[in-house]
Amino acid sequence: MESYLNENFGGVKPKHSSEEALQRWRKLCGVVKNPKRRFRFTANLSKRSEAAAMKKTNKEKLRVAVLVSRAALQFIKGVTLASEYTVPEEVKAAGFQICADESGSIVEGHDVKRLKIHGGIDGIADKLSTSIDNGLVASEDILRCRQQIYGINKFTESPVRSFWVFVWEALQDTTLLILAVCAFVSLVIGVAAEGWPKGAHDGLGIAASILLVVFVTATSDYRQSLQFKDLDKEKKKITIQVTRDGFRQKISIYDLLPGDIVHLAIGDQVPADGLFISGFSLLIDESSLTGESEPIIVNEDNPFLLSGTKVRDGSCKMLVTTVGMRTQWGKLMATLSEGGDDETPLQVKLNGVATIIGKIGLFFAVVTFAVLAEGLIRHKIQDGTYLSWSIEDALELLEYFAIAVTIVVVAVPEGLPLAVTLSLAFAMKKMMNDKALVRHLAACETMGSATSICSDKTGTLTTNHMTVVKACICGNIKEVKNREEVRKLCTQIPENAVKILLESIFNNTGGEVVLNQDGKTEILGTPTETALLEFGLSLGGDFQAVRQETHLVKVEPFNSVKKRMGVVLQIPGGGYRAHSKGASEILLAACSNVLDSAGNSVPLDEAAVHNLKSTIDTFANEALRTLCLAYVEIDKGLSADEQIPVDGYTCIGIVGIKDPVRPGVKESVAICRSAGITVRMVTGDNINTAKAIARECGILTNDGVAIEGPDFRNKSPEEMSNLIPNIQVMARSSPLDKHTLVKHLRTMFNEVVAVTGDGTNDAPALHEADIGLAMGIAGTEVAKESADVIILDDNFSTIVTVAKWGRSVYINIQKFVQFQLTVNVVALIVNFSSACLTGQAPLTAVQLLWVNMIMDTLGALALATEPPNDELMKRSPVGRHGNFISNVMWRNIFGQAFYQFIMIWYLQTEGKTLFGLDGPDSDLTLNTLIFNSFVFCQVFNEISSREMEKIDVLQGILENYVFVSVITCTVIFQFIIVQFLGDFANTTPLTLSEWIVCVLIGFLSMPIAAAVKLIPVGSK
């Protein structure tokens, strides 16, 4: 079966499946009882095609708009343009001078001409009643009024489906509809023949069973949909920095309104349509909107920013002009949201299993009906009454047909693919509580197969709470752990050196020092920037005063390829000075001078280089992050288009930043090792810092390799294949190095790789990996968009929790499949063999429907929601090519099925003797005993299925309240059906001794299951 599944249903991958693969498996699903339910959690390929067409249209529209705006620019320079725009009355009454359609069409159409007519960006800001410096006035009444005129920043979503929609979908099951017709015919014929109410029992019994199945199914599906809705809400919690009431603050992107002033940085997603106010080196990636891979330069000449695009490089301040469904992104997202997630490989495989078993079941059902009908006709021929058919004969034939249809109901395991979704939904909800937000369903199951984790250092293995604790300035190496020590350092270095140091710290930064609404000083920025700014303030610096002394000409933001950040300042007197900071050894190599103890710039000789390098090594060996600060005087002016100098710098000093290892990381790494998962650290930091942290975390062992990115990328493919299995630390790595490592691990070594990332440049590696893990706190929106799971607390221990849940999902689904296939096999063989040999089916339609519910919806609830235990992380990972239906499962299925079949067959042949049954009701009592014993076999088999290999199946059973509830409800309902609903379910009340024997027969399946587990089989 596994090879058939791999061949026909194996083309779907956890990520980036081709449309051809998604289409192929759908065509192979021939026997589907309820397409609406079976394919509910699969991608809507037609909606995706719509979204792709929309992207193509956007691309063409933008291309034309850009060409037109360029032509308009040439034409309108120096020309005074007259306004033809009339402000609508309701907009004017609300205090604005431009409507949403007008501002939207300016940005979407890249309409330079109309922008100039409205007075440029300043004119648009005035018409939107906002201030470019202070932003919106955040009074509730004013904001509400603005919302009414311009709309809210949300796209239209499909409404939440009510419970009754799920009831209606559950009723679409073809076999249930056929059974409903049978019930109706049975009711009409029964009442006609035997009167009311006696003649109605069979028909009403089937109808009641159908309704019970429908309502239980709908309830389960509805609860599942609510869980997904909650997770969707969590996915959409995105914040952005804005200026309102003159203060920088973070707000949800869904609270943005036209007139807001938004601050964008590298890795951010543009949250609405708007106009560029000011910024540096801004590159925008519009591929998500247009499919165009080349980034667009946005500046004063091309100030148009479109919602949904991403900041590839640079930073800027933006004026929001259009929000929500008035933007192209809003319209595209509304369509894309209907496209749904790709189905997961397990869902597809189980659809394959359901299809195979469905075909077998259909064959058996047809043969069973043929055998039963042939027996009735033969009997009538022998009696010579084959030409006269009574109502009783018609009812009997109808009962045979109902049994055949019900065999299809039981045999087609429609619940298999949905059990995956149920288990994933349950796991995703629980993982949310454990600080992991799963963005794609498949990631949850793939994480269970992970064999390798490539983790960042900063913020994942460490706390990301950084402080400058050591500094080497003007040759002075000092500890600066508190303000007292910083002040002491300040007195020991010359005043001009302090001045240039503060100029470097306060200008060459992506952070800011601001006053918050409480009037307190607040530092905004990354943890590294915050640590440096805190150090600058401790030196006695005034952030605003230092920044006002010079004029910022150009900014090159930090990125992980250059490993440095630079700015160019115009200083008083007309000169220019460039400041740079970054990876110590890289920036030191660009220095030709150094500040001496007197604060003078002197040539950097060998002794000074050696001294600085040994200082860097000393800091790094103490697990400190090291940064070098440097500057260079520029004789001639520098335009915004020119590159910042790359050499000739004067080294101001080296700072050592402490970032402590997170508590629990060492234990988590040890758990991964025992689980057969290799942990590798991939970081942009100095190799000595990386090695020190890796040893502290337990990642770097004595036989492990630590390598630098530049060395790694220069290796030949042969050298790489020998080296990669032993790499435990890669330092000074670029995003391309991380991507190469992940690619080789996946292709050369068939590893299932999880990768963490937080920056924009990590997106290719996150995309390449089997599971991309983005950081929720430090991660950029671009990284989160490329990831499959967002680690909300940035903690490595959470990644281990995700792996544990992933394994739990995989094994839970295996348990459920094992349980359901056992019931399938037994129900099929019992009814078929009995029909063939005795001319009767021991299990009626109503009884089979109840068995179907036990094994399908209730079985999935019980087994697919088992929480993970620590034992899971002591097993080897499944890896990329593990068989889903393993030999262990086949052993358990056939062992249990054999026992159940022998017991039921024995009851059928010897049951009357065993229980001393005689009289007119003996057949009914025997069939009731068979039905009761069969159900209790399933109850105890369900308990045995909690563990596929361990004998002890009761450990932790009381902690899983869902499992206990399902088993309890099954037993109570079974008692009610047998004792009180005999007329409807074709049963008769049993005595206490008969109940004890039935329960004992069921219970015996547990020791049988335990004995079967002792039979050795291969692991595959």
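Glycine too: its Cβ is placed from the backbone N, Cα and C atoms.
Annotations in TrEMBL come from automatic prediction, not curation.
Annotated domain 'Calcium-transporting P-type ATPase N-terminal autoinhibitory' per TrEMBL: 5-50, in sequence order.
Across the domain 'Cation-transporting P-type ATPase N-terminal' (118-186), the model assigns an average pLDDT of 85. Among the features that TrEMBL reports, domain 'Cation-transporting P-type ATPase N-terminal' is placed at 118-186.
Marked as domain 'P-type ATPase A' by TrEMBL: 238-335.
Per TrEMBL, the feature domain 'Cation-transporting P-type ATPase C-terminal' maps to 841-1015.
Taking Cβ pairs closer than 8 Å, the transmembrane segment (176-193) reaches residues 33-34, 170, 199-204, 206-207, 210, 213-214, 391-392, 394-395, 398-399, 401-402, 405-406, 409, 845, 849 in its own chain, all 6 or more past its ends. According to TrEMBL, the transmembrane segment annotation covers 176-193 (among others).
Here the transmembrane segment (199-219) has long-range neighbours at 37, 163, 166-167, 169-171, 176, 179-180, 182-193, 395, 399, 402, 845-846, 849-850, 852-853, 856-858, 981, 983-986, meaning same-chain residues at least 6 beyond its ends whose C-beta is under 8 angstroms from one of its own. What TrEMBL records for 199-219 (among others) is transmembrane segment.
Feature annotation from TrEMBL assigns transmembrane segment to 356-377 (among others).
Under the heading transmembrane segment, TrEMBL lists 397-427 (among others). Sequence-distant contacts of the transmembrane segment (397-427), counting only residues of its own chain at least 6 positions beyond either end whose CB sits under 8 Å from a CB of the stretch, comprise 31-34, 37-38, 40-41, 173, 175-176, 178-179, 182-183, 185-186, 189, 202, 206, 220-221, 224, 227-228, 231, 344, 346-348, 350-351, 353-354, 357-358, 360-362, 364-366, 368-369, 372-373, 376, 438, 441, 444-445, 805-806, 808-809, 812-813, 816-817, 820-821, 823-824, 827-828, 831-832, 835, 841, 843-845, 848-849, 851-852, 855-857, 859-861, 864-865.
Annotation source TrEMBL lists transmembrane segment at 961-982 (among others). When Cβ-Cβ distances below 8 Å are used as the criterion, the transmembrane segment (961-982) is approached by residues 205, 850, 854, 858-859, 861-863, 865-866, 928, 931-932, 935-936, 939, 942-943, 946, 988-990 of the same chain, each at least six residues removed from its ends.
The annotation transmembrane segment is assigned in TrEMBL to 994-1015 (among others).
According to DSSP, the secondary structure content of the domain 'P-type ATPase A' (238-335) in residues is 18 helix, 47 strand, 33 coil.
Within the chain carrying the transmembrane segment (994-1015), a Cβ under 8 angstroms from the stretch's Cβ atoms is held by residues 891-892, 895-896, 899-900, 903, 907, 915, 925, 929, 932-933, 935-941, 943-944, 948-951, 953, all 6 or more beyond its ends.
Residue counts for the domain 'Cation-transporting P-type ATPase N-terminal' (118-186) by DSSP state, with H, G and I taken as helix and E and B as strand, are 40 helix, 3 strand, 26 coil.
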